[in-house]
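Engineer: The transmembrane segment annotation in TrEMBL covers 20-45. Marked as domain 'AB hydrolase-1' by TrEMBL: 136-377. Sequence annotations record features per position, and here TrEMBL assigns active site, charge relay system to Ser216, Asp342, His371.
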Amino acid sequence: AMDWQVLTRELSLYLESQVRVGFFGSGVGLSLVLGFGVAYACYYLNSIAKKPQLVASNDRFCRFLEEYCPVVTETYYPTIWCWEGRVQTLLRPFITSRPQVQYRNELIKTADGGQISLDWFDNNDSSYYPDASTRPTVLLLPGLTGTSRESYILHMIHQSETLGYRCVVFNNRGIAGEELLTPRTYCAANTEDLEAVIHHVHSLHPSAPFMAAGVSMGGMLLLNYLGKTGRDTPLMAAAIFSAGWNVFESVESLEKPLNWLLFNYYLTTCLQSSISRHRQMLEKLFDMDLVMKARTVREFDKQFTSVMFGYRSIDDYYEDASPCRKLKSVGIPVLCLNSVDDVFSPAHAIPVETAKQNANVALVLTSCGGHIGFLEGIWPRKCTYMDRVFKQFVQAVFEHGNKIFSM
């Protein structure tokens, strides 16, 4: 113990002398470091850490959120060393933990002869809802090439588990290891598979409260479904995270040189690898060599997605896929979280005015957070701001939903 004390004293004396003499002498280095630290902290607190903007025309919905989902009115403190949108977007998949989740897989048949893979988290140990027939159920929709294995999905399930809820993840066709039985995958505009899944889940548990949460393209698909069905859905409410509101604006933003380098090219290769496994099936309808030459999401959609779903042009597809056009028809309470620095969904394309015209819609807009980022805390391994919004809103709907459903 004595040796340790001597060693630490020697080390501290050495460091003091280094700071004194090593940086222009007499502690200037320490002063500069401290000065920079104070300046950075002031900048962070004044310009980075902010309360989100809550856009909702319905006072009742607003009060409901303030009372039961207070996180949407509190200051969001992004991780102090990586608050910029692109950095948050890039780091989140690597930095956040991956909670352990045991799924039960179910393959369901579709009307056209295809199949959809659902991953269930039954939560049969739920002490709050021991009766499976009335256990609240959350349907989760991952992003463009995402599956039930994405860390953000695992975190949502972890949050739901603590509240006693059941989850089911809708994996888009051909993406979660199952075979394609027909030459058809998925897109943001076509809601047929989602309708089939919602009907199937509801028919299994007709007495269970039921809501959905969609992330990125999953959120776009969910919004397009809600815009189409209005009030005619078994879902009580929905939560949408980092949706691209206007596909034209999203792809344009992603084609800027830095964004293409950081995101677009990688995303395109992910799309290509997700279909290359099914090459034999898809070659019946597509020039797969041409599809594999795509270098942007737009090129991929032009050669593959828009053709598969029978659109005359890619513009027709992008018009149909943009949820901003359907928002006015949404007939159930929907909470949508976006960051204004998300390059996948540029701030100017967020339909603030349309949202103000629909009493069922609330937008929560943070100044930082990127695309499915929303990292917070010094070392953001566990819970993100998005996870907390998800948890509070889902709990608010299931436990106090009657207060907004009489809107």
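Cβ atoms are placed via backbone N, Cα and C, with glycine included.
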Engineer: In this predicted model, what is the average pLDDT of the domain 'AB hydrolase-1' (136-377)?
Structural biologist: 96
Engineer: If you count Cβ atoms within 10 Å of the Cβ of Ser216 (active site, charge relay system), leaving out that atom itself, what do you get?
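Structural biologist: Result for Ser216 (active site, charge relay system): 26 neighbouring Cβ atoms inside 10 Å.
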Engineer: Under a criterion of Cβ-Cβ distance under 8 Å and sequence separation of at least 6, what residues of the same chain contact Asp342 (active site, charge relay system)?
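Structural biologist: Those within reach of Asp342 (active site, charge relay system), by Cβ under 8 Å and sequence separation of 6 or more, are Gly85, Thr89, Ser242, Gly369, Gly370, His371.
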Engineer: Among all protein chains shown, how many Cβ atoms are found within 10 Å of the Cβ of His371 (active site, charge relay system), not counting that one?
Structural biologist: 25
